[in-house]
Each structure stands twice: as C-alpha cells, then as structure tokens.
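Sequence annotations record features per position, and here TrEMBL assigns substrate binding site to Asn17, Gln50, Asn70, Gly80, Asn81, Asn160, Asn193, Glu211, Arg212, Gly221, Thr222. As annotated by TrEMBL, active site, proton donor applies to Cys79. Here TrEMBL flags Cys79 as active site. If you look up TrEMBL, you'll see Cys220 marked as active site, proton acceptor.
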Amino acid sequence: MNTAIAHEFVKMHGLGNDFVVLDIRRSGLTLTADAVRAIADRRRGVGCDQLIVVEPPRGDNSTAWMTIYNPDGSESGACGNATRCVAWLLMGETGADRVVIETRAGLLKAETRGDRMVAVDMGPARLDWRDIPLAEARDTLHLGIGLGPLSDPVGVSMGNPHAVFFVPDVADVNLSSVGSGLEHHPLFPERANIEIVQVLGPEKLRMRVWERGAGITQACGTGACASLVAAARRGLTTRKAEVVLDGGSLFIEWLADDHVLMTGPVALAFRGTLDPSLMA
Ligand SMILES: N[C@H](CCC[C@H](N)C(=O)O)C(=O)O
C-alpha cells in the first residue's frame with residue numbers, strides 16, 4: 001500500500017487516445033487494480049483510456065519496460081499510441097533520436113520523425129488462432145462470427161487481440177450497441193479490441209474502434225496496425241496505408257519481415273501529482 005506517496009504523472013495522448021504516464025523507475029511505486037481504476041476514472045481521478053507505467057528495463061536491450069493498463073484495471077500487452085508517447089519522453093531525456101521499449105509483446109524500436117512525430121516498429125502481426133488467442137481453431141482470415149450489422153471479421157494480434165470487421169460505411173454502424181457484445185464474444189478467451197473499417201482506397205482506410213477494457217476511443221495504434229494487416233490479407237489494400245481514425249491519421253506499413261511500422265503524432269497535455277488517496 002502506498003498511502004504516503006504523492007506521485008508525479010504526465011498526461012499525454014496520441015490522436016486523442018489519452019494516457020496517464022507514471023514513471024516509477026525511481027519510486028518503485030506499486031499499483032493495485034483498484035488504484036488503476038481510481039486514477040483512470042474521469043470524474044474521481046485524472047481520467048484516461050490507458051494508464052501507462054514506465055519501469056526499469058528488465059533486459060539489456062531496452063531503455064525501459066512499459067506496462068499498459070485499461071481503465072477497467074485489466075492489463076494489455078500492447079498500446080501503439082502510448083508507445084509513441086513514452087518513446088518521445090525517453091528520447092527527450094537523452095536527446096537520442098531512437099529508443100527501445102520493452103513490453104509484454106516484446107521489444108519495440110522507436111525513432112523520432114521530426115517534431116512530435118514518432119515511428120514505432122510494433123513487432124510482427126500474429127495471425128495464428130492460438131496467438132490471437134481464440135477459444136478454438138479457426139481460419140483467422142474469416143472468423144465467421146457477427147453481431148448486428150457486423151459479420152465475419154479478421155483476427156489479428158499485435159500483442160493484443162483484435163477483431164477487424166469490414167463495412168461499407170463506418171458512419172452507419174452504432175458501435176456503442178455492438179462493441180461490448182463482440183469484445184466479450186466466447187471466441188475470445190481474453191476478450192478483444194473491435195475495429196470497424198471502411199476501405200477508402202488501396203492505401204487509405206477509415207477505422208473506428210471499441211477497445212477492450214475501455215470502450216470507444218478516438219484512436220488505437222495497435223488497432224490501426226491490425227486493420228491494415230487485415231485489409232492487406234483480404235486484398236483490399238496494399239501493405240501500406242493511411243488509417244483515418246476519429247482523432248486523426250496514423251500511417252501504417254506491414255513490412256516484408258511481417259513487422260508492422262506505425263508512424264504518428266504525440267502530444268503532451270499537462271503534468272500533475274497524484275494524491276496518495278488515489279493509490280490507497
Ligand atoms: N489504445 C491502444 C490499444 C489499447 C489496447 C487495449 N484496449 C487492450 O488491448 O486491452 C493502442 O493505441 O494500441
């Protein structure tokens with residue numbers, strides 16, 4: 001229990017997907033799921049789509065370890081928008097133009113692309129049903145499930161599970177009414193992030209997202225990566241596209257080595273101090 005510690009945080013976002021970033025490399029702060037939920041609460045806490053904890057590196061090949069929590073207290077293996085934000089902070093500490101961040105999903109290499117733009121190698125897209133994961137063997141190119149107007153998504157993992165549904169027009173889908181039911185579909189033993197995608201051209205997608213453990217967010221980096229991979233697998237785009245989200249655009253490329261390169265902006269909103277009562 002950390003009742004005596006008031007801890008500094010940084011409030012950041014990637015295209016409106018917002019984060020509270022806690023750097024515990026010196027404080028050794030520990031967080032319970034209740035504390036995560038309290039900090040992420042938009043009325044009683046700071047409020048965020050994900051709580052990001054920056055920890056000392058666990059290996060020799062990274063600058064820091066990054067743990068990602070959803071506002072419901074669950075942990076995610078990956079978070080693209082937050083990876084850009086943390087990379088920008090870490091590069092700012094040393095003036096370096098590249099940095100390696102380790103997460104549960106593996107080593108993520110990030111590079112600055114000029115003023116507050118960051119590119120991250122998000123690692124390989126995982127396409128086997130076991131890696132999504134799914135509750136049973138399925139062809140991940142056609143999962144064959146549906147709800148309401150949505151049917152037959154593509155399953156992709158970027159270190160976290162995604163179900164990508166293609167639709168004629170994202171504006172016609174009431175994501176709030178189907179998001180939770182699909183997130184908790186029995187085919188997804190670890191739940192799933194749900195993307196709806198409209199193809200605007202061979203190198204342009206429009207995507208909206210219902211995030212596991214968070215609901216609708218303005219942007220999702222891993223979701224944009226999963227959407228591009230799904231579209232390329234279905235032959236709907238090339239292996240490179242602009243993904244237009246509610247909060248703006250990310251630029252995604254599925255490289256020849258199967259790694260997925262994501263490029264996008266970072267923004268810092270404010271710095272603050274968490275009251276110890278939030279972490280009791
Ligand atoms: N917003 C994040 C994704 C969070 C994923 C999380 N909702 C989960 O997988 O549980 C991103 O930019 O990739």
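Glycine too: its Cβ is placed from the backbone N, Cα and C atoms.
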Assigned conformation of Asn193 (substrate binding site) - DSSP reduced to three states: strand
Among Asn17, Asn70, Asn193, Thr222, which are binding-site residues, the residue with the most C-beta atoms within 10 angstroms of its C-beta: Thr222
Active-site residues compared (Cys79, Cys220) - highest count of Cβ atoms within 10 Å: Cys220
Other residues, Cβ within 8 Å of Asn17, Gln50, Asn70, Gly80, Asn81, Asn160, Asn193, Glu211, Arg212, Gly221, Thr222 Cβ centroid (substrate site): Asp49, Ile68, Ser76, Ala78, Cys79, Ala82, Val209, Ala214, Thr217, Cys220, Gly223
Residues that sit under 8 angstroms from Asn81 (substrate binding site) by C-beta distance, when 6+ apart in the chain: His13, Gly14, Leu15, Asn17, Phe19, Ala219, Cys220, Gly221, Gly264
Cα-to-Cα gap, Arg212 (substrate binding site) vs the residue listed as 'active site, proton donor', nearest whole Å: 12
Rounded to the nearest Å - Cα separation of Asn70 (substrate binding site) and the residue listed as 'active site, proton donor': 10
Inter-residue Cα distance where the pair is Thr222 (substrate binding site) and Cys79 (active site, proton donor), in Å: 6
Recorded substrate site residues Asn17, Gln50, Asn70, Gly80, Asn81, Asn160, Asn193, Glu211, Arg212, Gly221, Thr222, farthest C-alpha pair in Å: 16
